[in-house]
Structure formats: structure tokens, C-alpha cells
Amino acid sequence: MTVLKGAPGIWFPVVLHLHKKKKSQCDGGEARKRRTEEERKVKANDREYNEKFQYASNCIVTSKYNIVTFLPVNLFEQFQEVANTYFLFLLILQLIPQISSLSWFTTIVPLALVLSITAVKDATDDYFRHKSDNQVNNRESQVLIRGSLQNEKWMNVRVGDIIKLENNQFVAADVLLLSTSEPHGLCYIETAELDGETNMKVRQSISVTAELCDPNHLASFDGEVMCEPPNNKLDRFCGTLYWREKKYPLTNQNMLLRGCVLRNTEACYGLVIFAGPDTKLMQNSGRTKFKRTSIDRLMNTLVLWIFGFLVCMGGILAVGNAIWEKEVGFLFQSFLPWDPPVDNFLFSAFLSFWSYVIILNTVVPISLYVSVEVIRLGHSYFINWDQQMFCSQCNTAAEARTTTLNEELGQVEYIFSDKTGTLTQNIMTFNKCSINGQSYGELTGPLGIQPTRLNFTPLNPLADPNFCFYDEKLLESVKVGDSHTHEFFRLLSLCHTVMSEEKSEGELVYKAQSPDEGALVTAARNFGFVFRSRTPGTITTTEMGQTVTYSLLAILDFNNIRKRMSVIVRNPEGRIRLYCKGADTVLVERLQPCNQELISITSDHLNEYAADGLRTLALAYRDLSEEEWEAWSESHRFADKATDCREDRLAATYDKIEQEMLLLGATAIEDKLQEGVPETIALLSLANIKIWVLTGDKQETAVNIGYSCKMLTDDMTEVIIISGHTVQSVRHELRRARERMLALSRAREEGKGIEGWAEAGFMRNGCKEGQAGDGTADGGGEGARKPSQCPPIPPIPSNLMDSISGEFALVISGHSLAHALEPDMEEEFLSTACACKAVICCRVTPLQKAQVVELIKKHKKAVTLAVGDGANDVSMIKSAHIGVGISGQEGIQAVLASDYSFAQFRFLQRLLLVHGRWSYLRMCRFLCYFFYKNFAFTMVHFWFGFFCGFSAQTVYDQFFITLYNIVYTSLPVLAMGMFDQDVPDQRSLEYPKLYEPGQLNLLFNKREFFICITQGIYTSVVLFFVPYAVLSDATQSNGVPLADYQSFAVTTATALVIVVSVQIALDTGFWTVFNHVFVWGSLGSFFTIMFALHSQTLFRNLPNQFHFVGSAQNTLLQPVVWLTIALATAICIVPVLAFRFLKLDLKPQLSDTVRYTQLVRQKRRKPAGRSMGGVWRGTGSVSEGRLGARGGSRRSGYAFAHQEGFGELITSGKNMRLSSLGLASFASRHSTGWIDTLRRKKNNPTPPGTSGENSPALSIVSGSVPPLSNSSSVLGGSQETPIEEEAVTAPAQNTDSDLAVCKQTSTSAVSEAAKPHGSAQANAAGVSTSIRGRPHVKDSSGGWAHSLGTVQVSHCL
């Protein structure tokens, strides 16, 4: 986070003010934490009674410090860094004059600077937390106090208070709904901050309190609630209300939770049950954690090792001192006695040990940590300033809200993403439809021409101006009066539970339970069938300008098991008709078999829509006679009044009449993805980053979005669904899944052929269908499986799971995940999930999201990143190593809790693949060079110790020691750490494999550290012994010997500065003006300062401080000195150059090859190539957010965004106002999914014995020929042959060819993902053309391989 000017000054008074308030208001919660609450008792309007339980107040505190605790707590946290403790220890040693040969200020000044900078940054961060807490706590709410409503701040609300909420207000605490302004005690809420869903939900007060709408009546309410203690279960509440000697059960339907927003309800009253930290929202919010990078943790270890190394070197030199003093030193006692209090050689050795510890401490100078903080701050500014991460639509730039995690962005292995608002825009649009076998919505115009948006106003003045549709054929069909089209839209205008508000004539506002229903009703509205209003018994519409009122006889409501809803209406002519919409998988089996051709054509259309990632519904109707209606109505009334098994009886009654229907058509709704989501997922997958989606949505919705954004593809071996309701069933399903994955993997590797694949394909998690039912239909099939049918399976060793080939995906529901996260189930779940290419967790709570992240952190030791946009993602964001907030439609809670924030999910690829990779690369190069230069500098003292009687005499003068890390070598390495890059940002996106070294931690680890210090030690040996050997017998031009201490010190220091300057020039991969100025300027400053310090002027003024008078001038005028410096430089640098040339020629890295191809492009070809910034250019067209069609296996695209319908409420009239009574990765990982699909469909002959048909992706493994390989392969022969392949003579020629394939894979894959349906087909044809005519070779496994020079992407590494 950028440190704001003046922030610390305003922080302290605010914190002081908050601290005084919170001390009095929040202490109750702290006292309560000391005991365990087993049951909560709350009495309305009785604060004195409730206060004896010491319930928490409604004050929340998310900050870490206050004015009293800041200094001790912050210093304690900072001294947990081993380096800070190490420097404090050295400072104490330097304060002892007997052992210190360096001034104490050389350590205390930089240490205080580092501690101060970190403290200011932490104080600024915490200031904003205090500010956020203050803003929330000071919101006002109306509280009933002594019979009247008074405005009180949220933090003053207490358990047992009765509060009034008004429309569009946030709920202040977890309250029991007592009464509302709506009939029957109903109210509508939005729970986006709790579960991420923007759909409206209904809550209802219990009937006995529903009439208490007046403050006077509520003031006399003295009911007592006994309920469960505070917990994090968002979907559960259990309690009892005792009032007037009666008790009434309470459920979650009677509760309004903190964070909800009251919608479409004028006002309501509620009794506070849980407040502040006890609310379910806060129970699901993780604590703010102190985050460190893996490099920070490694540095702590290395500092300990270095300290041990110092102790060893100090011990060696101390032993040498003892031996020298005993054997030689006594000879000098007469004229060079020991300084007091030294009186023997052992004590002299003891003091010498500590003196050398101080002298040699510069292997890890404090300036290292100052430089690290400066570099991180610079990297944060680069993220903030990146124009390509700026969203012009919402005028939001990317923001690095922390400065400590930048290099961790280059090491991410797992991304945990929310769905709603993060991957999607949460906007549903009517995209396509099929009516009587005719598909509408396809764009068949010339490529590159923007289609014309239809104008509905001339046909229908009530049309929604924001509705978009482009296929004019459908509008013409409505105009000409096609009966099937009219009946299609009539069904959409009648079969729903939408509420309508007409604010003024013709100005309709629809309030839908789910955005799906709203989109369908809006589509019918624009095509002339306008839903106007409803009562409990009627629906009023305007059909082609004529007002029609239908009698609503029954609503057969939607739920997750039925997967459909129906209405039975009577039209003005008296005809009774049932209209039904639902999942095609359940509707097709209920149709009349008379028109199989229409069913087949519509099924094909549904397949195409689902392949595009659209959410589909099938539509059907049935005419009922009066006798059929009367008979069914009677059975329905009987089932509705049943006291036992009411739900089952109603379902059976519904199922009885929903038969023998006639198919009308199908709808396809697009849940719009955010711009660039599929391309981003494709690139991140190629970078070997695993993406898990953790969503509160239900399974069908999440799976469809998985297909839309190409996390799931039809080319996957299998999508496994875990839906057990007990620990045993979940364990059984997970083990069956792993057994199945191993079986399919072995079949793939052994080439079992079609029969083996088919047999495996018709098994569900290891059990044949004859043994058990479909476990996914109702979520309980697997759990209901009998042990005798599927015997228990022993656990599979995890090492076997690592060898699985093929692509699998895992979908697990929230109730199953709750069992899978139990301690004895963690390994089972983890081994299954980590063997899959994609994981989707549905219906998960905010706490479960955080638990999944913690599970990966605990067992996989991988860097995790969580990205979300709502308050329900805060816990996950805080738990991950890196939290990313997206500033979307669900508030800014996620942004406030995040480490980085931006406006679009697509910016994540640039954050990781560019900024993250560069930050990691720069920090690693910085650390490697820093340790190298300091070991080269410091170890010279060690070798000198053997020639100075182990007296702790320094080689250099003290000013050179002080300035070496501050002036002479600090700026060049800072420039490298700030600006260096191995390849440009466009190439980082074109070659996502460049990201993998960070994941494997290859650039800075213990091995690289030892290589650096070895090079540094080698340099120190050369820098000491070469000048020592040459100068020992050298003389000046006037015959005076050069073998004096000061000449040797100047020669060695000059050689050191030149060598490290040349070395950083070799290490710098990207030269900027700053690099040139800093490198050559630092070298020039060395000579300037050295000549100044050795001048006679300073010596005359301070003779005791400047001893080296004239040394520089005398020494550097001698040619032999310069020859010595040149020789030492050559001996140090030539081996490094030779090693690097050999490595580049024999074993080049991918980045080396990318740089080489960059040079080839510049020399032999005009600048070309597409940057990734153009991938989503033009995606604002009709198919925005979707991809080209996939080769389709048969699966349903059905999805509804809500769990239960509003049908019962509508027919009961409870939700009616009095006024209304009059009125579609590309492969999920770097696989050949789309290429293999094109091969099979466009070019390859089908091997004997294959049917060529596809099977359901969710339940049946593809029966076609297995893919040729697990890894990515790319077809050669492209017309756009990269220039890299044209190079004939070049270093790393083979790697260069492979690189071209790597680039072509990533660019082609992402480009393929970005194309709409038609473009994908055109591209498929193009690839087919390039293949056709080539000979085919049958491989040993029975598959078919092209002799096109198919290259595996794994060769690129």
C-alpha cells in the first residue's frame, strides 16, 4: 500500500478516540469469550436481563493495534524476523569498545530506518482498518427504547433490542423478524454480502408477532427467545419463542442476518439475537493475518545459516589468534603489550572472536532489508501505474494494497475463485431459442460485420429498451402470427413467479427470484407478450397489444429435485392448459412420443446451446379437460393437507399431471462472463496454475459456468460428481472416484481399446449402473448405495494418484465438502481433488471457502491466491497467501480485505504472468547478486586475518566499509531489482511456460544461495591473493616498494568495486537509463569519494579519522596496480562468461530462447505478432463472454439460479401488496482438447469398431478413440510459420523450434478460445485443410497419429 503523506499524524488521534470508545463498548465480548456459551437466552426490551449474560455488543473491531498496543506489538512482530534480531544483537556488540572496530552508528541508523519504515506502513494499513470499522460502527439504526424509536449508532445496539429497518437498509445485526409492512409478515432481502447471490430471498415472521406493527405494541412485547449459540452456519437457525405461556418454533426463515439488505419492503421490525462478533457474517470472517512470502521465510533460514557460518569463521580466526599470541605474540610484548583487560592469549582469542563477528557481519548488511523494501515499494507502484490493468468502464485502476507480497505473485500454484461477480457479470441475457424445430439467435452474417440490434418499439411500446436481440427471423415470425411462436412466448409470460411493479403507465419493473426468470419474462415482453400483474388467482398480460387475464389455477413449484416448474391456467375462452419449463433431461421423458423428429431436432439444438455454455430450458404444454382438472385438483388438495410426507405426496401429484406434454421448444440464456475470462483461464492453465471455483451457487449453475469459461470441456476424460450426505458415503464416493481415475488412466496408457473404455464409461464412480442409481439426480444416490452392492474400497496410495494420465474434473457440493474437510477425510479429498485438472465446489459457505484454502496450504505447501468480489469471499481472501479483490457489484468488502485489487478478472493474467513473474525474477536476481557482492567484500577480511596475526584488523579503511553497501554498490543493484526483465511483457503472456520457474522456486533457493556465496568466496580469494602476490615484490617507478598496507587496501578495494560492477553489468538483462546512470555513476563516485577521502585537506582537519592521506593518488598512478586490477578482474569474470556461454549453448532455458527469437524478429522480419492485449478486442459483440462451440457430448445446459420457488407464496396471496391485487478452456489445462476434437471430427478416419458418437460428459466417458497424448501437441504446417523456424544457423536451434511450438500453442489456444461459434468452425476447417492430404501412420496403441511433425509441448522445457 502506498504510504500517504500525513497518514501517521492523523492515525493516532483517530485510534485514541476509537480506543476509548471500544474499551467501554467491546469489553463485554472479550469477557464473554472466557466462557463457553451453550444456549442463548434473549428477552425482548429488557437490557438489564440480557446484560447479565455479557453478550457481545454490536461493535466490530478488525484492526490489529490501538494507541497503547501499537509500539510493543509491532516491534514484537518485526523482531520475529530473524534478521532484525540478528542486527540488534550486533548493535549490542558494537557498543562494547574492547571488541568493536566499527562505529555503532553504522548499524543503529539503518536498523532504526527499517523498523520505522515498516512501522509507518503497518500503522497506515491499520489506520484504514480503523477507519472502516469506524464507518460501520457509526451507521445509524432506529432502536425502540422506552416505547419510542430513537436513532442509535450500530455499535450501541444491544442483544434484546427491537430495531426498525427500512427499505434498502443494511441489517445491523442478526435479528428475529417480528413484523413487516407487507401482508402476512413477509419481507424480501438480498444476501450478496453473505453468499454472493444477488437473487431476492423471502423471510417471514411467525404469525403471532406479525400484527405487532406499531411501536406501542412492540414496546409491550416481552417474549423470550431460547436458541443455539453463535455459529457460522448461514443456512441454519434453531430456536424457540416463549410468549404468553406458549412456545413457537423458530427457523432460518424467520431470521434476517447482518449484511443482508432489505428490498421491496417498506419497513420491518426485528429482535436482535446476535450482535457484533457473534453475528454469522463476522463468524465467517477470518482474522487479519500477518502474511510473509516464501522468500522471507527462506531468508530467515539463511540468516541463521549465515550466523552459524560467521560463528565458524570467528571461531577459526579466534583459534588462530590464540595460537599466534602464544607462539609469536609474546615476542612483541616488550614494545607492543596487550591492551587492558587482556592478560593472556585465551582472553585475547575470546575478544578476537567477537571482533571478527562484528567485522564479518557485512555478509548480511542491514542495507539488504532497506533495499528489499524499496524494491517492493517500486514494484507496487508499477502495478498501480499499469495502464493495461485500468478499467475504463468503471474508471478503476489496479491497486497494490500491500508491498510485501509482490514476488509471491510469481510463484502461485493454486487460484481459488468465486464465481458470481468474479468470473461472471451476474447478468442474464436471452440469447437463443428453438421453436418448433427452428433455431433462432444464430448469427450467420459475413464475418467481421457487426450485426444490427433489433428495434422492438414499433411492434411493442412496452418493450424493455435494454433488451438486445439480433435475429430478425424471430421477430418476423411473431409479426406474421406463427401459432407456435406465439404459444412459446405466451408460456414464458405465464410460467414464472416474477412480481411486477408498474411505477407509471408502461414503466414495468420486474422483481424476479432469479435472474434467469427475469431474462425469460423480459424476452417475452419484448416480443409482444407482456406480463403486467398478478393476483393470487389471476395473471394479467398484454398479448400483441391486447390485454388478457388468465385464471391461475395452480403453480407446480420448482425445486432442485423436480428441476421444472409448471402453471395451470384457464384462458378467457375457458380452455385449461398446463405450461411447463425445466431441464430437458426431465422434460423429454414426459413428452408425448408422437413427434420424435421434433424432439430429436430440439435436442440437437439444446446440445449446441449447452456446448456454447448457455443455460438451457425446455418448454412444453398440455391441454387439460375440465374432468382431468377437477380430478387432479382434488388429489392435489388432499396431498396439500397431508400431515405426513407432504412434500413427497405433492411431488407425486405434480408428476402425475406433468405427463403426455407437447414440446414447444427450448430457451438458451447466457450468464455473461466477464470480458476475457476464458482466455485468462486458458493462459493460467498453460502456466500450470490450478484453478478451483468455490461458489455459493448450486451445482447446475456452477457446472454450466465451468463449461462456459472452459474449465470443463467435453474432451475431459470424466467429470466426477461427489454428492454424498454422510461421511461414509462421501468417503466411498471419493475412493470410487480414485479407483475409476486409475482404471481409466491404465486403459489410456495400455491402449485397451473401445471396449474397455466403453465399459469404464458406463460406470458411476466405480459402480455399474445396474448396481446403483444415478447419484447426481437427487444428491443422495451415492449415499443410499448399499454396502452389499458396492463393497468398501481400501484407500489408494497418494503416490499412485500422481501418475494419473488423462483429464478429470471434480464437482463437489457443500454438504459433501463439509464431511470431506473433516480431519480424517482431508487426505481422501485432497488426493482426489489434486489429481483433477479442475475442481468446482458448489453451495459452500464463506468459512468452507477458507477451509479449502487452508487445506491446500497445509498439505501441498503451495502458494495460493484467492480472488473474489463480495463479503462472502473475505474469509477466503484473508486465508490465502495472496488475496485479490475485484471491485464489482457486491460492495467493497473484498477489496478492503485484499492485498491487490482491480476491476476485471482478466487482469489477473497480467498481475501474475507479467508483474508477478518480473517481481520474482527481479527479487531473486537482486538477492543472488547481493549475497555474491557481500561475500566477495567480506571474505577478504577472513583471508587477511591469516596475515595480520589474527588481530581483527580490517583490510579496507572504515569509510570504504561504511560506503560500500550504501553508495558504491547499492544503486546498481536497486536498479536491477526495480527494472530488470528477461523478456518483454508481451512475450511473458505469449509463453506462459516462463512462469513455471517461480512455481518450482528455481531462481532463488538454498542451492542458488550456495552457488552465489561460492562465487563470492572465489572472488574474494582472487581479490586478496592476486594483489598480495603481485604487490609483495612490486615497486613504484621511483623504487619505493608497493608492499604496504595502504597501497594493498586501495588496490583491493578498487578491484572489488570494478569486479562487482562488471558482474552486475553481465547480470542485467534489460538496460534502462537508470541502469546506465547507476552502474557507471557508482563506479565514478567511488573514485571521486576515494580521492576526496585521501586528500590532504581532510587529513589536516581530522588527522585521527583520515589515515590514508595520499594513498589513492600514489597507488593508482602505478601501471602495475592497474595491471593487477585487470588481472584480478579477468580471473573473476572470464570463468563466469565461459560457464554462461556453455550453458546457453548446451542447455538454454526457455527465456534464453525467447530472447533469441526476439533478436531474430528484429533483424529478419518486420515487427509482427499479436499481443495478448488484442485477444479480447471486439468481444463486446453479441457473443461477448462466450467461446466458440465445443464438439458436443450430450449434456444438459439446464440451470436455475435459485433453490426453491415462490409458487406457494404466490397462490396463497401472502406476497401480494394490496395495490397489486387490483393490477459457455479451451481445455482446462495445457492439453490437446480442442485439437483432438478437430482431428476426430474433421480429418481422422474412425478406427474399426468405433461408433463415432459422443456420450454424456458428466456421467459417461467418451467412447471415441483416446487422445494420442496427455501433453499438449500442436499440428505443424501452419501458414503463419514463425520466423523462429526460418532460422537456419543459430544457437539453441532445437530449442528454438520447440519454442515456436510453445508460442503457437498458447497463442492459438487463447485465440481459439476468444473466437465465437462461427469463427471456431472456420478455424477448424482451416486446420483440417492443413492436415488433409498428409499420410497417416497407425501407432501401436491402435490410435491414429499424423506424420506432421507433431511436437510435444513438454519438449519446450
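Here the Cβ of each residue, glycine as well, is placed from N, Cα and C on the backbone.
Annotations in TrEMBL come from automatic prediction, not curation.
From a predicted model like this one, the values you see are computed outputs, not experimental measurements.
What TrEMBL lists as transmembrane segment is 102-120 (among others).
Taken from TrEMBL, the feature transmembrane segment applies to 302-324 (among others). Note on the transmembrane segment (302-324): residues 82-83, 86, 345-346, 348-350, 352-354, 356-357, 360-361, 363-364, 942, 945-946, 949-952, 1006, 1009 of its chain, located 6 or more positions outside it, place their CB under 8 angstroms from a CB of the stretch.
Under the heading transmembrane segment, TrEMBL lists 344-370 (among others).
ASP869 (Mg(2+) binding site) is surrounded by 32 other CB atoms, counting those within 10 A of its CB over all protein chains shown. Annotated Mg(2+) binding site per TrEMBL: ASP418, THR420, ASP869, ASP873, in sequence order.
Taken from TrEMBL, the feature ATP binding site covers ASP418, LYS419, THR420, GLU517, PHE558, LYS581, ARG615, THR695, GLY696, ASP697, ARG843, LYS849, ASN872, ASP873.
What TrEMBL records for 770-796 (among others) is region 'Disordered'.
Feature annotation from TrEMBL assigns compositional bias 'Gly residues' to 772-782.
What TrEMBL records for 895-1148 is domain 'P-type ATPase C-terminal'.
For 926-947 (among others), the entry in TrEMBL reads transmembrane segment. Sequence-distant contacts of the transmembrane segment (926-947) (same chain, six or more residues past either end, CB-CB distance under 8 Å): 295, 299, 313, 317, 320, 356, 359-360, 362-365, 368, 371-372, 375, 953-955, 964-965, 969, 973, 976-977, 1003-1004, 1008-1009, 1012-1013, 1015-1017, 1019-1021, 1023-1025, 1028, 1052, 1056, 1059-1060, 1063-1064, 1067.
According to TrEMBL, the feature transmembrane segment maps to 959-979 (among others).
As annotated by TrEMBL, transmembrane segment applies to 1009-1030 (among others). Sequence-distant contacts of the transmembrane segment (1009-1030) (same chain, at least 6 residues past either end, Cβ-Cβ under 8 Å): 302, 928-929, 931-940, 942-944, 947, 955, 1048, 1051-1052, 1055-1056, 1059, 1120, 1123-1124, 1127-1128, 1131-1132, 1136.
Marked as transmembrane segment by TrEMBL: 1045-1066 (among others). Long-range neighbours of the transmembrane segment (1045-1066) within the same chain, counting only residues 6 or more positions beyond its ends whose Cβ lies under 8 Å from a Cβ of the stretch, are 929, 932-933, 936-937, 940, 955-957, 960, 968-969, 972-973, 976, 1019, 1023-1024, 1026-1028, 1031, 1079, 1082-1083, 1086, 1090, 1094, 1107-1108, 1111-1112, 1114-1116, 1121, 1124-1125, 1128-1129, 1132-1133, 1136-1137, 1140.
Annotation source TrEMBL lists transmembrane segment at 1078-1099 (among others).
Annotation comment: TrEMBL describes 1119-1142 (among others) as transmembrane segment.
The region 'Disordered' annotation in TrEMBL covers 1236-1281 (among others).
The compositional bias 'Low complexity' feature in TrEMBL is assigned to 1261-1278.
Cα of ASP869 (Mg(2+) binding site) to Cα of ARG843 (ATP binding site): a distance of 17 Å. There are 25 other CB atoms within 10 A of the CB of PHE558 (ATP binding site), with all protein chains counted. Candidate binding-site residues: ARG615, ARG843. Fewest other C-beta atoms within 10 angstroms, ARG843. Long-range contacts of the transmembrane segment (1078-1099) within the same chain: residues 957, 959-960, 963, 967-972, 974-975, 1050, 1053-1054, 1057-1058, 1061, 1064-1065, 1068, 1105-1106, 1108-1113, each at least 6 residues beyond the stretch ends and with a Cβ under 8 Å from a Cβ of the stretch.
It is 12 Å from the Cα atom of THR420 (Mg(2+) binding site) to that of ARG843 (ATP binding site). Fewest Cβ neighbours within 10 Å among the binding-site residues ASP418, ASP873: this applies to ASP418. Rounded to a whole number, the distance between the Cα atoms of ASP418 (Mg(2+) binding site) and ARG615 (ATP binding site) is 19 Å. Across the binding-site residues listed here (THR420, ASN872), the residue whose Cβ sits among the most other Cβ atoms within 10 Å is ASN872. Within 10 Å of the C-beta atom of GLY696 (ATP binding site) sit 29 other C-beta atoms, taking all shown protein chains into account. Cα spacing between ARG843 (ATP binding site) and ASP873 (Mg(2+) binding site): 13 Å, rounded to the nearest whole number. Per-residue confidence over the domain 'P-type ATPase C-terminal' (895-1148) averages out at a pLDDT of 90. Here the Cα atom of ASN872 (ATP binding site) is found 9 Å from that of ASP418 (Mg(2+) binding site). In this structure the alpha carbons, written CA, of ASP873 (Mg(2+) binding site) and PHE558 (ATP binding site) are 29 Å apart. Each residue contributes its Cα atom, and for PHE558 (ATP binding site) and ASP418 (Mg(2+) binding site) those atoms are 26 Å apart.
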